């Protein structure tokens, strides 16, 4: 996790101390560039140019760090684009470490995980839709079944009777019940997931997404071991609720935090409020797996709190992190136990009589 003494901040603090003279806490900008040259401070041409163009008369350690990690100090167009993708979900204090991490990238185009997952999902959908021979692209569950009479599940779909084929607990994320379903998921996961992956790295966002998908099928089977499952909604919900975790983790450093909370609250209210209304008031037989959504939300919030970057970690936040890790581990373990002990086509724990 990033801290107030992250490795990049330590480097910039050391450089600033090398540039100081005597007991200075602020350095005159008029002398800063010449000091960098004479004292052989290893800054890039872009960073030196940004220092020369800075309007301030004096600069302290915080100002120095912001200048050398600013967009103006970055000459690479690709990396400036990456800054723009990451900045909306970061606090100002996160940007120093994240921009520095982006500067250290030696490959492109990032972020590879969300792009790769999306390409595979789109490719599989159109491959199976083409082989289905003329079925409606908007409603065809492409690849879900070997035959159109729905008697033989495809190799990716999660089917309760095939729970022994463990890959199905995750592979169902590659299938979608029509183009509308596919577009809804891939658009959101690209808009939400790419900034998260740029800011928080592939080895943080990848596990959140994949654990959410797996948790979605585990919870679905635990509650309703009669239903087939397709779609990446659990992973998408994990990305959305990882934003919630990010805001909570960096609450004091996060700009526009109340606006972020309001937007997320409205989304949650509309989605889950609609599901509750359909379940208890209209008695509609809803085919959407809200259980997978819930599992994704739990993963994004609790596991996200554990693994996402924290700019300044306070003692209480460290305690909360361990509590979240315990709660999520208990949730995950409980669903696994249910999968082991409950047989396919057992009675639903939450049954809607209209859907029997």
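Each residue's number is its place along the chain shown, starting with 1.
Yeah, the Cβs are placed from backbone N, Cα and C, and that goes for glycine too.
Since the structure is predicted, the reported quantities are computational estimates derived from the model, not experimental observations.
Here Swiss-Prot gives transmembrane segment for one range in the set 136-155, 256-275: that range is 256-275. Residue ranges 66-88, 319-341 are listed, and Swiss-Prot annotates 319-341 among them as transmembrane segment.
All protein chains considered, the CB of residue 293 (active site) has 24 other CB atoms within 10 Å.
Distant neighbours of the transmembrane segment (319-341): 163, 211, 215, 218-219, 221-222, 295, 298-299, 301-303, 305-306; these residues of the same chain sit at least 6 beyond its ends, with a Cβ under 8 Å from one of its Cβ atoms. Put simply, residue 233 (active site, nucleophile) is 6 Å from residue 293 (active site) when counted between their Cα atoms. Stretch with the most C-beta contacts under 8 angstroms to the transmembrane segment (172-194), considering only 107-129, 201-223, 290-312: 107-129.
Cβ atoms under 8 Å from those of the transmembrane segment (201-223) belong to residues 101, 111-114, 117, 158, 160, 163, 168-170, 172-173, 193, 229, 232-235, 237-239, 242, 289, 291-296, 298-300, 303-304, 307-309, 331-332, 334-336, 338-339, 342, 348-350 of the same chain, restricted to positions at least 6 beyond its ends. Counting every protein chain shown, the number of other Cβ atoms lying within 10 Å of the Cβ of residue 233 (active site, nucleophile) is 26. DSSP classifies residue 233 (active site, nucleophile) as helix under the three-state reduction.
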